[in-house]
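In what follows, a single structure is set out as structure tokens and then discussed.
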Amino acid sequence: MTTTDMPRPVDADPGRAVSKKPPRSAGGGGLRRAVPATTLLWILACLYGLPVLWFILSSLKPASDLFSYPLTLVPRNPTLSGFRAAWDSANFSQYFINTTIVCVITTILTVGVSCCTGYALAKYDNRWLKAFFLCILATTMLPGEVMLAPSFLVVRDLGLYNSFAGIILPAVLTATGCFMFRQFFLTVPDELVEAARIDGARELSIFLRIMVPISRPIMLTLAILSFQWRWNDYIWPLLMLNDPNKFTVQIGIQSIVGAQNINWSVLLGASVISMIPLIAVFLVFQRYVMNADINAGLKD
Amino acid sequence: MTKRASDVSASPPRRRSKYTLAPLVLIAANVVLFSLFFVWPAVIGLVYSFTNYTGVGAFQFIGLDNYDNLLGDSTFYHALTRTLMYTVLFVPLNFALSLLAANLVVNKHAKGSSVARVIFFIPWLLSPIVVGVLWRWLFGENFGLVNYVIEKLGGGEVPWQSNADLSLLVVVMAASWMWTGFTMLLFIAAIKNVPVSYYEAASLDGAGPWRQFISITLPSIAPTSFIVILLNTINAMKEYPVFVALNNGGPGSSNNLLVQYIYETGFKRGQIGYASAASFVLMLILMAVAIIQLIVNRRVENR
């Protein structure tokens, strides 16, 4: 696909080729090649973008227009009434706050704990750590869905049923997070640690004062991933929560879908509202996700 | 991963090996979480799968009865075959779409690829529930956009919701759509790591874009392809929320997948023991997939 009609800078290190892209517009026969590639790209992009566009535009239609033929892409009289109805109905604002609380706390804990574990796995060496590394690897083979019933019983026996802690705590340990930090700290030279030791720094203060600050980009990447996982979680909160005042957004949306007669106006409004936070976070921190060297440890 | 672990142990003994307290403090939190929410459920799950436990009260050990009943349970078989069918459809479709998207995005002749990349990625940000709602809205039988367009073009109303196979197909499309962005990122990283000189040599020899894709890109990204296939297989085997939101495993119960089956036997009918046995069957399948992944990974990394 990537044909070359211009000499490209040959890079000794293939991994580096990424950053030194030649200028986009290849002159000469460029246009001849640009047309099919660009057309195909945008046909596919439209196929991917249209469902979301149609969904968002539909949510702006008043309830009475939703099913009126002929269907129009652009709403004739756009209104925010669907959103308002969704926000007011069935505690949706409460669900939104609940989900935010759960996501923020889980994300902070996940980043902190993964950072510690990843550092220990990368910079220390003893058989306990090796064994624990294998244990974390094992969690990637057993997704939570496999152990729904026993996990439920464990959390219930711990007295965490119907509490936010019951959703937060089981979600804190993620193999992806630990592996991302381990991968990163492996690239940090050991000499940095050695030098600090010679200067008399204690082990934990090396970690806190040198290693934590330099791992900030990984923290952001993991924070975004973790926020996305937890915001979109459905089945575990559904099992854990019994009190409608503690429901999360996803449960709220599903309860609208599960009704006998679906109120599409409210459903569309609620769904679009639930999409906003993630898309906003993503657009702001795009490069931390897009450039992340995400690899096979990924679980959720 | 395994290779790097062995590198560490092969390196000459350093001073750091004498530190034991600090690393143990650092991993302490995760060790506790691991034992509470992983080891404990795994152990009691295994134990309960040999009992008739219902979640409360006393239970009796009934040996292998649960597994025995499971083998004769037609609902379970139906869920299992439906899950496998879904996996077989979803994995190749997602693979092809993501690879196409990745190739188009890295193609330097294509204009606007950074915007297109964001468009491809947005579906991954939506929750499975919202994806289900969105596709339900698109494929509604008498109100959806798709049937409206088909009817405008002169076709008849397509039973997307009331035909079991068509509704499975809609879920396959929805899930592929949702996962493309993420899989695409993995492919982009792999494609960008292919040395440019390969393509230059090939184009000097007169190879066209298609030929270069088949002979250079595909073999070079083989390790990533394996990982993508295996990750997606695991994801597909445990799919649940998209089905619930899109058609609630319907029409009827014809598209109840394994996780939904486990959820309904365990939590709606309270047969925890029986559901645990079903979970362990799913676990065995996933383990087989994961072991293949590990073996392939190791072989690729030792190359």
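Keep in mind that glycine also has a Cβ here, set from the backbone N, Cα and C atoms.
Residues or ranges marked as domain 'ABC transmembrane type-1' by TrEMBL: A:96-285.
What TrEMBL lists as region 'Disordered' is A:1-31.
The transmembrane segment annotation in TrEMBL covers A:34-57 (among others).
Summarising the annotation, TrEMBL assigns transmembrane segment to A:95-119 (among others).
The annotation transmembrane segment is assigned in TrEMBL to A:131-152 (among others).
Residues 98, 101-102, 105-106, 109-111, 113-115, 117-119, 121-123, 136-137, 139-140, 144, 151, 155, 158, 211, 215, 218, 221-222, 225-226, 229-230, 233, 236-237, 240-241, 246, 248, 293, 295, 297-300 of the same chain lie 6 or more positions beyond the ends of the transmembrane segment (A:164-185) yet place their CB under 8 Å from a CB of it. The transmembrane segment feature in TrEMBL is assigned to A:164-185 (among others).
Taken from TrEMBL, the feature transmembrane segment applies to A:206-229 (among others).
Per TrEMBL, transmembrane segment is recorded for A:264-285 (among others).
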Lying 6 or more residues past either end of the transmembrane segment (A:95-119) yet within Cβ distance under 8 Å of it, the residues of that chain are 132, 136, 164, 167-168, 171-174, 177-185, 207, 211-212, 215, 218-219, 222-223, 226-227, 230-231, 237, 246-252, 273-274, 277
Quickly jot the same-chain residues contacting the transmembrane segment (A:206-229) by Cβ under 8 Å, restricted to those at least six beyond its ends, or write none.
103-104, 106-107, 110-111, 114-116, 119, 123, 171, 174, 176-177, 180-181, 184-185, 188, 192-193, 196-197, 278, 281-282, 285, 288-289, 292, 300
